[in-house]
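Engineer: I'd like to ask some things about the structure below.
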Amino acid sequence: MDGREVEFAELAGFSLSEFEASIQSLRWLNLMKEQRKKRENLDSGLLPNGNFEQGPARSELNGTQVTSRTAIPSWEISGYVEYIESGHKQGDMLLVVPEGSYAVRLGNEASIKQRVKVAGGLRYSLTFSAARTCAQAEQLNVSASGQSGVLAMQTMYSSNGWDSYAWAWIAKSDDVDVIIHNPGVTDDPACGPLIDSVAMKALYPPKPTNKNLLKNGDFEEGPYILPNTSWGVLIPSNTVDDHCPIPGWMVESLKAVKYLDSAHFSVPKGRRAVELLAGKESALSQVIRTVPGRSYVLSFSVGDAKNACMGSLMVEAYAARDSLKVAYDSKGTGGFKRAALRFRATSARTRIVFWSSYYNTRSDDLSSLCGPVLDDVAVLSVRSPKRL
């Protein structure tokens, strides 16, 4: 210790050994914070040139079509790929890019690929923004480490035409090719989807605790949310993705659920929550360990995201043989209420399920699907009341 630290220890009434131990503890905590920050910076964010702002040389473009396989820095392309500038006109439609000035369009059987460094055995999620450029339904095949999923773009959830999607996988090696492919076959290659803002995040699944038998009940662990987007991230059905981007949970429905951040939405607790978008077609579930015959309480928050989702909202919760309907009258300006369901376990595994009772649309455009917000979900064991 230097002279100032010795003087401070004497004034504070610490022995030199006690003060030195405290200093070492503070230094260790600061080191851990720095390492955590570095790890988060390495494990999440845009891929190199993930927003496609670095484009091909003019000699590698034929109009908007990219003519060389490696013309877009950090990416490798295959098939009919176009480099689109924001404001590009297609017929009577003006194409707008959500972040920066450029995006890519994938024609029939076209793909973009990038090799990324990961840690083998960890779970990762890919986030990207996509928009249809024609009225017809489109699909995107996303793959990495021998795993793949087909994301349907039939339903668009935001009013500006762009949605962000998340897809998760388990890394099987330290070097992985991430591929986004358009498997569609249309008469016009210009009908392919636009892609922008491709990002990745490592997922560290939380474990149940003595305060909550659910994993990740507060939804704080989840996919990367692009900071310059205000429409959240769609989480696909388990029929598309074997590894849900929200660790611990599963989307057991035909439609997606939406992952929200507190920077752009009203969130009951913490920084993240989930919006149940499409009635009973948008269900979220988790299986927990229970003791048959024992009583438990499932508690959770229901609210609105402050996204003009107004009117009668309702969440249905199911656990074992018990259920609860929670009504919420939304003004579209944010807010929430707490609810609790007491249930008795009938087996060693109990499935917890949530869905929205109604189909709701935003009042500002009358077309974008919306729904109740779910957050701060917990299950605790409780003593059964004594019978008299």
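A Cβ is built for glycine as well, from the same backbone N, Cα and C atoms used for every other residue.
Worth saying up front: this structure is predicted, and the values here are computed from it rather than measured.
According to TrEMBL, the protein carries these features:
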type	residues	note
DOMAIN	45-201	domain 'DUF642'
DOMAIN	212-379	domain 'DUF642'
REGION	40-65	region 'Disordered'
Engineer: If you average per-residue pLDDT over the domain 'DUF642' (45-201), what number do you get?
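Structural biologist: Over the domain 'DUF642' (45-201), the predicted model scores a mean pLDDT of 91.
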Engineer: Mind tallying the region 'Disordered' (40-65) by DSSP state, helix then strand then coil?
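Structural biologist: Residue counts in helix, strand and coil order: 7 helix, 6 strand, 13 coil.
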